[in-house]
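Enquirer: Below are the features I grabbed from TrEMBL:
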- 13-23: compositional bias 'Gly residues' (COMPBIAS)
- 24-36: compositional bias 'Acidic residues' (COMPBIAS)
- 37-50: compositional bias 'Low complexity' (COMPBIAS)
- 51-72: compositional bias 'Acidic residues' (COMPBIAS)
- 79-88: compositional bias 'Acidic residues' (COMPBIAS)
- 619-628: compositional bias 'Basic and acidic residues' (COMPBIAS)
- 629-644: compositional bias 'Acidic residues' (COMPBIAS)
- 1-88: region 'Disordered' (REGION)
- 424-444: region 'Disordered' (REGION)
- 619-644: region 'Disordered' (REGION)
- 378-414: repeat 'WD' (REPEAT)
- 452-486: repeat 'WD' (REPEAT)
- 585-617: repeat 'WD' (REPEAT)
Amino acid sequence: MAQEDSSLLHIGSRGGGGGGGGGEELEESLEEESLEESSLLLEESSSGEESLWDEEEELEEEDDLDDDDDFEDARGGGGDDDDDDRDDFVDYGGRLWNFVTGLGSARAGSRNASLQEAFEPAPPPAPLEHEDLRAELLMRTASDAHARLATRCTTLPETPTKPPPAVSRKRSHPEPAVGAMLRARELGGSPFGANRNSKPAFTASQKTFLGGQRIPNSNPRVVDRFPSRGYCGRFSGDGNLYFAAFQERRIRVYDYRRNYKLTKDIQARNLQWTITDATSSPDSRFLVYTTIAPVAHLVRLEGGGVEGNDNGPVESIQNVTDLHETLEFGVQNNGRTVHHGGVWSIRYLHDGTQLVAGTSDGLAFYDIPSMKASQSVTGVHEDDVNAVAVDGGCGGSSQMIYSGSDDTLIKVWDHRIVGGAPTSTSSVDPFGDGDGMRDEPPKSHCKAVGVLAGHTEGITHIDARGDGRYICSNSKDQTLRIWDLRMMYSSSDHRRREQEEERSIIRTRMNFDYRWMEYPMRGYDIRHPLDCSVKTFRGHSTLQTLIRAYFSPAQSTGHRYLYTGGYDGYVRIFDILSGQVVECLSYHNGLVRDVAWHPTDHVLNSLGWDGRVVTWEHNSDGDSCHQDSEEEEEEEEDEEEEEA
């Protein structure tokens, strides 16, 4: 920095001697002070500011050399040119000296002004802090240097631009995963190169990944249309059969392997309002359906047009052409059934010997070999149990059962505690007349092993992922949630927390009942104070009936997606990782209550209140938005003619 100061002094002396011009008095008074402050500022400035001063010096040295050459040329030429060049040189020196001493002048002027104000009777303003003053001076010095350097550089010739670098042909991003997997398979099965010892085949995880790319998104085809609302539609466990239950006491069974050929048309009787739920046995031989009554009915799926048994009757009328076994969950007296509420949901346990049902009173278990109710768990929820699910984790040996109710809670049960050790039976007289005493199914008041809180309205459906850890639930609060069982509350802990947050919980619940009111919190994000869910999905609507939602199959997609119907007639597929809707399928003219993804193929079926059974397939170029086709227009014309 000493060398820089000496060079500035040398240049300043040249400029001052030649220019004169009114700067002599200011030079004598402020020269030393301005140079000291300039050197101090230069030492405290950043590396970027020092580079500006270095560039300034280089430009000055170049100009000095040019001026010396011009001066020598002028001496050789003589005359008026010599005087003009000398004047230019003097003017340049004066400008440079003014630049060096300008900061000192401004500093001295501000100091003199402050001294004058100090002698006035008014109190002086608060002086700036030392650090603030230094920052201000640094900003001024840097801005002045930038401006003058920009002015000087405009007169310099432009430097030639370098040619653009050659574009590399190397890919900046990895090639698609599908292509890499195909190449690895052709090279011998190893993802890192050829391996002659391995077979050219995909691993299980690679097959799941590839299957997850083939989402049903187009080619909607109407499998069947029945003049009644569809309530339940599911594939059998092996995927060979698909059954759809309608409100008008009908269950139609189709053979998936034979292009949805109708194999059995079940006509149920003694129903109240509708068929609420239906499920198939693990071996796909039997079907159980329920209604709004404490009973269920068991019917065989074999026979009819099922492949290998085409001689059986297709039509199955209850106890007329086919036997429908009645499974009693309630209490009977003199042949009459005491109404304990309806059965809203029913599922087989994995061994196929027991059923678990969600009723208006709680949970009910039925033992099929003995054909009697084995256990009744009452008081488990404060409202109707709308949904039950059985976990298939641990190779199908899991004993976990889940129940969801209109009280907004999901409870977790261990079947070994609830249904494995029934209590003693008790005799009751339901009519109070002393006659017809009958043993009631044993009741249990055991506690749930866990509670999942987070929904603010009633639960409409539950589905287990099958790994013993995660479940999903759909609710009337217009949300779809995923739960981790490792984050659930214990029964005692939930009761304590519920008492602490009682007021907050009451404020979040509106007791929405779609039978007589509209959803009051549409457009609001209501959060439960005890929410323990891990992810929430929105976009669909559950404004009427118990709309269902499921995990996508493990074999074809690895449980990567959630899919559900909706009040608006759309089928939505959510990506669990991103939380976004990846497909929105539209074909139905009304509400879509149930959806079913084939366990092994990339096919999805939807059942709506318009009576249509629609199947969707994957098409890489397909458009999920439905366009009216000629076939649909013809169907609508036929409907109008039938109505006329």
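Just so it is clear, glycine is given a Cβ too, placed from its N, Cα and C backbone atoms.
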Enquirer: Which bits of the chain, at least 6 residues beyond where the repeat 'WD' (452-486) starts or stops, bring a Cβ under 8 A of a Cβ in it?
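Expert: Same-chain contacts beyond the flanks: 345, 383, 386-394, 398, 400, 402-412, 494, 498, 508-512, 514, 519, 521-522, 526-528, 530-538, 540-543, 546-551, 554, 559, 562, 564, 574, 576.
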Enquirer: Within the repeat 'WD' (452-486), how many residues are helix, strand or coil going by DSSP?
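Expert: With helix first, then strand, then coil, the repeat 'WD' (452-486) has 2 helix, 18 strand, 15 coil.
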Enquirer: Do you know the DSSP helix, strand and coil residue counts for the repeat 'WD' (585-617)?
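Expert: Tallying H, G and I as helix, E and B as strand, the rest coil: 0 helix, 20 strand, 13 coil.
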